[in-house]
Amino acid sequence: AVAGSGLSASAPLSKCRSSELLINSEFVALMCEDFSDQQLYEQERNFSLDQEEPEPLQIKEEQKELEHPWTKEETMELPISEQEEQLILKHETEDTGEKSFPCLTCGENFLRKEHLMDHSRTHTGEKPFECLSCGKSFTQKSNLDTHMRFHTGEKPFECLSCGKSFTQKSDLDKHMRIHTGEKPFECLSCGKSFTKKSNLDKHMRIHTGEKPFECLSCGKSFTKKSNFDTHIRIHKGEKPFSCTSCSKNFTNKSNLTRHMRIHTG
């Protein structure tokens, strides 16, 4: 018997038209046909020539098929859970930067599903994150965390130029413009620039003539709330600005400043 082949000495010799596969340490010959001793002699005589000749294309194709018995269509696809599918999609979208979670209300796209869920609350009005100190509610937890700093007094964002601290990074960014001199908000009517958009909005009322702050006592309107607050003191009789020289009181600081010239000359 031939060692390790599982064939007896009396078994007919075979010539294989296909390659051999190694399965469980045994060679299994496929698609073989018997041939005689004479054919064996002729085959051995031409053995070296056969080895130098390239393998026929048909055999190579058969080998390729045997090495990969599952075709693309036959490959088994194991079922995955919805959670696993979302995880795969999350990795794929993060790798490509593709925003594949669209808002069905406004059409805005998001990179992650949780970002879409946060955004959707702006349409539904849902505010699931409530402050236990004052009862105010928020659409996002990050907004609640920022709000909580007003109660705790925490101000983690510090100005490296003057040491002033802020509860929000956006407030620090606005403050930094004082030191840098940056004024990114420009009036298109007169070219005047401002460090804050809110200041630009107030300035624009000069050009538009808008006076949103109306006194309910006399009907007089004002472009700025500060001017409105000063006017209200006239009706209330409030005079919070006192002269340190004669103790005379005034409704606004500008009147106190003019009065002080009497004492200073």
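Using the three backbone atoms N, Cα and C, a Cβ is placed for every residue, glycine included.
Straight from TrEMBL, the features:
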DOMAIN    101-128  domain 'C2H2-type'
DOMAIN    129-156  domain 'C2H2-type'
DOMAIN    157-184  domain 'C2H2-type'
DOMAIN    185-212  domain 'C2H2-type'
DOMAIN    213-240  domain 'C2H2-type'
DOMAIN    241-265  domain 'C2H2-type'
Inset, instruction - Could you pull out which residues elsewhere in the chain have a CB under 8 Å from any CB of the domain 'C2H2-type' (157-184), counting only those six or more residues past its ends? - result: 146, 149-150, 193-196
Legend entry - Same-chain residues near the domain 'C2H2-type' (213-240), Cβ under 8 Å, at least 6 residues beyond its ends: 202, 205-206, 249-252
Inset, instruction - Summarise the model's confidence over the domain 'C2H2-type' (157-184) as a mean pLDDT value. - result: 95
